[in-house]
Ligand code: SF4
(Lines of atoms letter the chains of each structure in order from A and count residues from 1; the text may use other names and numbers.)
(Lines give C-alpha, C1' and ligand atoms only; values in the text may rest on other atoms or scores of the structure.)
Protein backbone atom coordinates (compact mmCIF):
# COMPACT_ATOMS: atom_id res chain seq x y z
CA UNK A 1 0.00 0.00 0.00
CA UNK A 2 1.19 3.53 -0.79
CA UNK A 3 1.95 5.79 2.13
CA UNK A 4 -0.20 8.92 1.94
CA UNK A 5 1.36 11.42 4.32
CA UNK A 6 -1.44 13.96 4.68
CA UNK A 7 -3.81 11.65 6.53
CA UNK A 8 -4.95 11.13 10.08
CA UNK A 9 -4.15 7.92 11.93
CA UNK A 10 -7.78 6.86 11.49
CA UNK A 11 -7.62 7.42 7.71
CA UNK A 12 -4.35 5.46 7.55
CA UNK A 13 -6.06 2.54 9.22
CA UNK A 14 -9.02 2.68 6.81
CA UNK A 15 -6.62 2.90 3.84
CA UNK A 16 -4.76 -0.16 5.10
CA UNK A 17 -8.04 -2.06 5.37
CA UNK A 18 -9.07 -0.93 1.87
CA UNK A 19 -12.14 0.83 3.27
CA UNK A 20 -10.93 4.24 2.11
CA UNK A 21 -9.36 4.80 -1.32
CA UNK A 22 -7.98 7.78 -3.27
CA UNK A 23 -10.33 8.13 -6.20
CA UNK A 24 -9.16 10.28 -9.08
CA UNK A 25 -12.38 10.06 -11.05
CA UNK A 26 -15.37 7.83 -11.65
CA UNK A 27 -17.73 7.92 -14.59
CA UNK A 28 -20.24 5.94 -16.63
CA UNK A 29 -19.09 5.35 -20.19
CA UNK A 30 -18.46 2.75 -22.88
CA UNK A 31 -15.46 0.45 -22.47
CA UNK A 32 -13.26 1.47 -25.38
CA UNK A 33 -10.59 -1.25 -25.43
CA UNK A 34 -10.03 -4.96 -25.33
CA UNK A 35 -12.45 -7.83 -24.95
CA UNK A 36 -15.35 -5.73 -23.62
CA UNK A 37 -15.12 -2.97 -26.22
CA UNK A 38 -18.47 -1.32 -26.73
CA UNK A 39 -19.99 -2.41 -23.41
CA UNK A 40 -21.50 0.14 -21.01
CA UNK A 41 -19.37 0.19 -17.87
CA UNK A 42 -18.75 2.33 -14.81
CA UNK A 43 -15.08 3.26 -14.35
CA UNK A 44 -13.50 3.81 -10.96
CA UNK A 45 -10.02 5.27 -11.39
CA UNK A 46 -7.83 4.96 -8.30
CA UNK A 47 -4.96 7.36 -7.69
CA UNK A 48 -1.39 6.16 -7.30
CA UNK A 49 1.07 4.64 -9.77
CA UNK A 50 4.85 4.28 -9.72
CA UNK A 51 5.25 2.22 -12.90
CA UNK A 52 6.36 5.29 -14.85
CA UNK A 53 5.38 4.62 -18.49
CA UNK A 54 6.70 7.62 -20.44
CA UNK A 55 3.67 7.59 -22.76
CA UNK A 56 1.12 7.30 -19.94
CA UNK A 57 -2.06 9.25 -20.77
CA UNK A 58 -3.20 9.52 -17.13
CA UNK A 59 -0.09 10.97 -15.51
CA UNK A 60 -2.34 12.96 -13.17
CA UNK A 61 -3.16 9.66 -11.50
CA UNK A 62 0.42 8.99 -10.37
CA UNK A 63 0.39 11.03 -7.16
CA UNK A 64 -2.13 9.42 -4.82
CA UNK A 65 -1.99 12.44 -2.52
CA UNK A 66 -3.77 14.55 -5.16
CA UNK A 67 -6.98 12.55 -5.12
CA UNK A 68 -9.82 12.66 -2.62
CA UNK A 69 -9.94 9.88 -0.09
CA UNK A 70 -13.34 8.29 -0.52
CA UNK A 71 -15.22 5.77 1.57
CA UNK A 72 -15.74 2.53 -0.32
CA UNK A 73 -19.43 2.38 0.60
CA UNK A 74 -20.00 5.76 -1.07
CA UNK A 75 -18.35 4.89 -4.38
CA UNK A 76 -20.02 1.45 -4.44
CA UNK A 77 -23.44 3.08 -4.03
CA UNK A 78 -22.84 5.51 -6.89
CA UNK A 79 -21.27 2.98 -9.28
CA UNK A 80 -23.77 0.15 -8.78
CA UNK A 81 -26.73 2.50 -9.15
CA UNK A 82 -25.59 3.22 -12.72
CA UNK A 83 -24.07 0.07 -14.22
CA UNK A 84 -23.83 -3.70 -13.88
CA UNK A 85 -20.17 -3.86 -14.90
CA UNK A 86 -17.64 -1.90 -12.90
CA UNK A 87 -14.06 -1.40 -14.15
CA UNK A 88 -11.45 -0.74 -11.50
CA UNK A 89 -8.50 1.04 -13.09
CA UNK A 90 -5.80 3.56 -12.27
CA UNK A 91 -3.17 4.55 -11.77
CA UNK A 92 -2.18 1.10 -10.68
CA UNK A 93 -5.14 -0.29 -8.73
CA UNK A 94 -3.19 -3.19 -7.20
CA UNK A 95 -1.16 -0.72 -5.13
CA UNK A 96 -4.25 -0.88 -2.91
CA UNK A 97 -5.92 -3.79 -1.16
CA UNK A 98 -9.03 -4.29 -3.29
CA UNK A 99 -10.60 -6.97 -1.06
CA UNK A 100 -13.11 -4.71 0.66
CA UNK A 101 -14.08 -2.78 -2.48
CA UNK A 102 -14.68 -5.93 -4.51
CA UNK A 103 -16.59 -7.61 -1.65
CA UNK A 104 -18.93 -4.62 -1.42
CA UNK A 105 -19.38 -4.42 -5.20
CA UNK A 106 -20.20 -8.13 -5.38
CA UNK A 107 -22.71 -7.77 -2.54
CA UNK A 108 -24.54 -5.31 -4.81
CA UNK A 109 -24.49 -7.82 -7.67
CA UNK A 110 -21.88 -6.05 -9.81
CA UNK A 111 -19.55 -7.78 -12.23
CA UNK A 112 -16.04 -6.54 -11.58
CA UNK A 113 -13.35 -5.95 -14.17
CA UNK A 114 -9.86 -4.63 -13.47
CA UNK A 115 -7.17 -3.09 -15.66
CA UNK A 116 -3.71 -3.47 -14.20
CA UNK A 117 -0.03 -3.50 -15.08
CA UNK A 118 0.31 -6.43 -12.69
CA UNK A 119 3.23 -4.75 -10.94
CA UNK A 120 1.76 -5.55 -7.51
CA UNK A 121 0.24 -8.78 -6.16
CA UNK A 122 -3.42 -9.61 -6.74
CA UNK A 123 -6.02 -8.63 -4.21
CA UNK A 124 -9.81 -8.81 -4.23
CA UNK A 125 -12.27 -10.98 -6.13
CA UNK A 126 -12.14 -9.88 -9.77
CA UNK A 127 -14.35 -11.40 -12.48
CA UNK A 128 -12.24 -10.21 -15.43
CA UNK A 129 -8.59 -9.28 -15.16
CA UNK A 130 -7.10 -7.28 -18.03
CA UNK A 131 -3.32 -7.36 -17.67
CA UNK A 132 -1.36 -4.70 -19.53
CA UNK A 133 2.27 -5.41 -18.63
CA UNK A 134 4.95 -2.75 -18.65
CA UNK A 135 8.70 -3.15 -19.14
CA UNK A 136 9.52 -0.75 -16.31
CA UNK A 137 7.92 -3.02 -13.66
CA UNK A 138 7.22 -6.54 -14.81
CA UNK A 139 3.98 -8.22 -13.74
CA UNK A 140 3.84 -10.54 -10.76
CA UNK A 141 3.31 -14.24 -11.45
CA UNK A 142 -0.04 -14.34 -9.60
CA UNK A 143 -1.46 -11.58 -11.82
CA UNK A 144 -0.26 -13.41 -14.96
CA UNK A 145 -2.03 -16.53 -13.71
CA UNK A 146 -5.23 -14.59 -12.98
CA UNK A 147 -5.32 -12.73 -16.31
CA UNK A 148 -8.31 -13.29 -18.61
CA UNK A 149 -7.02 -10.79 -21.14
CA UNK A 150 -3.46 -9.71 -21.98
CA UNK A 151 -3.26 -6.30 -23.61
CA UNK A 152 0.21 -5.37 -24.82
CA UNK A 153 0.91 -1.82 -25.92
CA UNK A 154 3.05 -1.42 -29.03
CA UNK A 155 5.19 1.71 -28.98
CA UNK A 156 8.19 0.40 -30.91
CA UNK A 157 9.43 -2.75 -32.66
CA UNK A 158 10.85 -4.28 -29.49
CA UNK A 159 7.37 -4.30 -27.98
CA UNK A 160 6.37 -7.22 -30.23
CA UNK A 161 9.11 -9.30 -28.59
CA UNK A 162 8.05 -8.14 -25.13
CA UNK A 163 4.44 -9.04 -25.96
CA UNK A 164 5.48 -12.60 -26.89
CA UNK A 165 7.46 -12.93 -23.63
CA UNK A 166 4.42 -11.85 -21.63
CA UNK A 167 2.08 -14.12 -23.62
CA UNK A 168 4.25 -17.05 -22.51
CA UNK A 169 3.47 -16.17 -18.87
CA UNK A 170 -0.35 -16.16 -18.98
CA UNK A 171 -2.77 -19.09 -19.04
CA UNK A 172 -3.75 -20.83 -22.27
CA UNK A 173 -7.29 -19.37 -22.23
CA UNK A 174 -6.11 -15.79 -21.80
CA UNK A 175 -7.15 -13.65 -24.79
CA UNK A 176 -4.20 -11.86 -26.38
CA UNK A 177 -4.41 -8.29 -27.66
CA UNK A 178 -1.99 -5.89 -29.32
CA UNK A 179 -2.85 -2.22 -29.06
CA UNK A 180 -0.87 0.65 -30.52
CA UNK A 181 0.28 3.47 -28.29
CA UNK A 182 -2.05 6.26 -29.38
CA UNK A 183 0.49 8.81 -30.63
CA UNK A 184 2.17 6.14 -32.79
CA UNK A 185 -1.02 4.76 -34.31
CA UNK A 186 -0.42 5.89 -37.90
CA UNK A 187 2.95 4.16 -38.05
CA UNK A 188 2.14 1.16 -35.85
CA UNK A 189 -1.29 0.05 -37.00
CA UNK A 190 -0.19 -1.29 -40.41
CA UNK A 191 2.62 -3.22 -38.67
CA UNK A 192 0.22 -4.62 -36.08
CA UNK A 193 -2.21 -5.68 -38.82
CA UNK A 194 0.58 -7.60 -40.58
CA UNK A 195 1.81 -9.10 -37.28
CA UNK A 196 -1.64 -10.39 -36.34
CA UNK A 197 -2.13 -11.89 -39.81
CA UNK A 198 1.15 -13.76 -39.36
CA UNK A 199 0.51 -14.59 -35.68
CA UNK A 200 -3.24 -15.15 -35.41
CA UNK A 201 -3.22 -16.04 -31.72
CA UNK A 202 -3.20 -12.24 -31.29
CA UNK A 203 -6.12 -9.86 -31.81
CA UNK A 204 -6.11 -6.10 -32.35
CA UNK A 205 -7.45 -3.80 -29.67
CA UNK A 206 -8.26 -0.22 -30.68
CA UNK A 207 -8.87 2.66 -28.29
CA UNK A 208 -12.33 3.21 -29.71
CA UNK A 209 -13.26 5.71 -26.98
CA UNK A 210 -10.63 8.05 -28.44
CA UNK A 211 -12.18 7.76 -31.90
CA UNK A 212 -15.60 8.35 -30.33
CA UNK A 213 -14.23 11.24 -28.23
CA UNK A 214 -15.71 9.90 -25.01
CA UNK A 215 -13.86 9.35 -21.69
S1 SF4 B 1 0.89 1.61 -15.44
FE2 SF4 B 1 -0.81 2.72 -16.36
S3 SF4 B 1 -1.17 4.51 -15.02
FE4 SF4 B 1 0.84 3.67 -14.48
S5 SF4 B 1 2.31 4.86 -15.70
FE6 SF4 B 1 1.82 3.02 -16.90
S7 SF4 B 1 0.09 3.60 -18.25
FE8 SF4 B 1 0.26 5.17 -16.59
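Yeah, the Cβs are placed from backbone N, Cα and C, and that goes for glycine too.
What TrEMBL says about this protein:
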BINDING   30, 31, 32, 45, 89, 215  substrate binding site
DOMAIN    36-215  domain 'Radical SAM core'
BINDING   49, 53, 56  [4Fe-4S] cluster binding site
BINDING   55, 56, 57, 91, 132, 133, 134  S-adenosyl-L-methionine binding site
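Nearest by CA distance to residue 53 ([4Fe-4S] cluster binding site), out of the binding-site residues 89, 91, 132, 134, is 134.
Residues listed for S-adenosyl-L-methionine, 55, 56, 57, 91, 132, 133, 134, cover a largest CA to CA span of 15 Å. For the recorded site, residue 30 (substrate binding site), the DSSP three-state label reads strand. Among the binding-site residues listed (30, 45, 49), 49 has its Cα nearest to the Cα of residue 133 (S-adenosyl-L-methionine binding site).
Local packing around the Cβ, expressed as the count of other Cβ atoms within 10 angstroms, is greatest for 49 among the binding-site residues 30, 49, 53. All protein chains shown were included, and the count of other CB atoms within 10 Å of the CB of residue 56 ([4Fe-4S] cluster binding site) stands at 15. With a cut-off of 8 Å between CB atoms and residues at least 6 apart in sequence, the same chain places 182 near residue 57 (S-adenosyl-L-methionine binding site), listed in sequence order. According to its DSSP assignment, residue 49 ([4Fe-4S] cluster binding site) is coil. Proximity note: of the listed binding-site residues (49, 55, 56, 91, 132), none has a CA within 10 Å of the CA of residue 30 (substrate binding site). The average pLDDT computed for the domain 'Radical SAM core' (36-215) is 97. Around residue 215 (substrate binding site), the C-beta neighbours below 8 angstroms that are at least 6 residues distant in the chain are 27, 29, 43, 209. Within 10 Å of residue 91 (S-adenosyl-L-methionine binding site), counting C-alpha to C-alpha distances, fall the following of the binding-site residues 31, 32, 45, 49: 45, 49.
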